[in-house]
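Taking it in order: structure first as structure tokens, then the write-up.
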Amino acid sequence: MAKPKRVYQVWKGKNIFICNGRLVFGPDAKSLVVTLLLIIVPVIVFCTHVARNLLHEISEYNAGYAILLVAILLTVFVLVLLFLTSAQDPGFIPRNLDPPEEEFIYDSPASIEAGGTPTPAPRIPRSKDVHFSGRIVKVKYCDTCKFYRPPRCSHCSVCDNCVERFDHHCPWVGQCIGLRNYRYFFLFISSSVLLCCFVFAISALYIKFLTDDCGSVWKAIKASPVSVILMAYCFIFLWFVGGLTFFHLYLIGTNQTTYENFRNRREDSIRVYDRGLLNNFLEVFCTKVKPSINFHAHVQENELRPGTGLTPVGEVDCLGGDRRAKIEDDREIGGDLLKISQRCDVEEA
């Protein structure tokens, strides 16, 4: 008798699974190597050329050892958050095993005006009104996943999966950012800002000690050019990561996603998900997230059916159909967030 396959072995997306499906990465997970090098290499240089020399410069209360310890702990914390962001299910919704039946729909008015006859044709509606949290919202149908996408869900063209509360596909972590890993992503970028500030400040402090010993700043720079390089590196890095952190603080405070902020640029848009500043932050950081898909389970133990929690207006079952255009700019959103943060966009109802 053939051994039953596990969920990750029959998964239709482009994800990379390791440890028998216990860890799930995006298709561009190799970019993690670059991100790791950008974090680890400067920290190693800092510990060997700056923090180690401060062990004797600041001998009181073992402050030199404290600086070295803080640098190591902060780095480990950043790396753990990076792992939690990139190695887990960000909020994938399984594809529908039972595609909805087509409905008879008349041709569009444009085709009728062109001389066509208004004959009904069997096809899936492009959108449908559903009840969601006491509101009536319009949802679209995913041609790839074969179900109506819940509000704030979008299909990532990089991973080829529908992701709940889709924010963007981040090439730096090689994974989609969505419902289940957004809080880890924010903590990752914000803790990276703290690490940059710490390395910058301690490197500047070491230059000050050398200036006092050598008599001039120029001689201090010549004595430790590595410290100046680290300060320049952290300054440049802070422009990107710091701007990204403040941009996501704005998104959290207004209960938007990067995708919503990027795509919905109409001035008359209404933020239907905005619950107030405090509640918006509580929703991101304190709300219990529903369990991830068990990719390690055998297929018969884990029925891959989308649970959208939607009730169409006037219907009981929400599984129906509509086409959605393929998102081609998911990766660009992740690579151009600083430009997006300068826009005064609001979310479309």
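Using N, Cα and C of the backbone, Cβ positions are placed for all residues, glycine too.
TrEMBL annotations: computationally assigned, not manually curated.
Model, not experiment: these values are computed from the prediction.
Per TrEMBL, domain 'Palmitoyltransferase DHHC' is recorded for 140-264. Under the heading transmembrane segment, TrEMBL lists 32-51, 63-85, 184-207, 227-253.
Highest Cβ contact count with the transmembrane segment (32-51) among the listed stretches 63-85, 184-207, 227-253 falls to 63-85 (criterion: pairs under 8 Å).
Same-chain neighbours of the transmembrane segment (63-85): 32, 35-36, 39-40, 43, 46-47, 51-52, 54-57, 170, 173, 175, 177, 181, 184-185, 187-188, 191-192, 194-195, 198-199, 202, counting only residues six or more beyond its ends whose CB sits under 8 Å from a CB of the stretch. Taken together, the residues in the domain 'Palmitoyltransferase DHHC' (140-264) have a mean pLDDT of 93 on the 0 to 100 scale.
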